[in-house]
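Enquirer: Okay, these came from TrEMBL:
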{"type": "ACT_SITE", "residues": "R159", "note": "active site"}
{"type": "ACT_SITE", "residues": "S209", "note": "active site, proton donor"}
{"type": "ACT_SITE", "residues": "E301", "note": "active site"}
{"type": "DOMAIN", "residues": "16-180", "note": "domain 'FAD-binding PCMH-type'"}
Amino acid sequence: MKLQRNVLLAPKTTFKIGGKAQYFFAAKTKKDILSAFLYAKKLDIPFFVLGLGSNLLVSDKGFKGLVLKIENPKLSIKDRIAYAEAGVPFPRLVRETTKRGLAGLEWAGGLPGTVGGAVRGNAGAFGGETKDSVVYVDCVDQQGKVRKLSRKQCQFSYRSSIFKKRNWIVLGAAFNFKKGNTRQLQSVAQSHIKYRKDRNPLEFPNAGSIFKNCDLKEVPKKLHDFVKPAVKVDPFPVVPTAFLVASAGLKGLRVGSAEVSQKHPNFLINIGNAKAKDVKGLIQKVKHAIKKKFSIDLEEEVQYLE
């Protein structure tokens, strides 16, 4: 297999931030993925699996190891079951299922990234979660063994899974759907796409939501009346972090060329040539301010590659 060396990662992320990967390989098939993983294991070097580069902050120093970009693109749909390889863009899976009148992922209209990334992070929005439609997931464990895990074995939780916790590689996943009305499903998906375009700062490079929303159970009781109007179900009662950041007066806060978005304050945006150190510094400022004002510890949703 031919590895590329010293490949700049910034253009391969939605944040447009980050240094070079020591080694880089784009895997087009499941066999490619397994070969690259075993090669990294043989050389005893760290590896990182990259999809479309959303929800990711790459260090300014880059990554000393192998970055494995997942580009296996096969998608098959039969009756009410879809099988998508990890490299399939999640918007494509949503589009292809809703147009067939298959209900289950219409909530994900406009959600960026790949199927592999959505499964790994149990991506969710508007009360829906990826896990709700998963039947099984094909993956590679840390020993290089190919496994097929049932939904229960995937240990899905809020924005997490066994794949994220143990750094296992998602190869592909099967999804189960219910029969629905094509026009209604497409309308829901389109309304969510429009919602994202209207409310998210997509005109600037960003990594999506930087922080997880706050479980209402973790919010001090003295604040419950204050946060009550903002509470939403996602998929359990949460206080949107954007509400807390806005309430703390942090919109527009900057470190270098990294800024808290005025449009959606749970987004940090790259307004020029931001560095990872700028973003990390801004994250710490926001966390400190929220802790001081509300006694709430924010938890990052964005992933660091260092």
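Backbone N, Cα and C define each Cβ position, glycine as well.
Caution: TrEMBL annotation is automatic and unverified by curators.
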Enquirer: Could you state the CA-to-CA distance between E301 (active site) and S209 (active site, proton donor) to the nearest Å?
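Expert: Counting only the Cα atoms, the answer is 7 Å.
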Enquirer: Cα-Cα, whole number of Å: S209 (active site, proton donor) versus R159 (active site)?
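Expert: With distance taken Cα to Cα, R159 (active site) is 12 Å from S209 (active site, proton donor).
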Enquirer: How many other Cβ atoms sit within 10 Å of the Cβ of the residue listed as 'active site, proton donor'?
Expert: 21
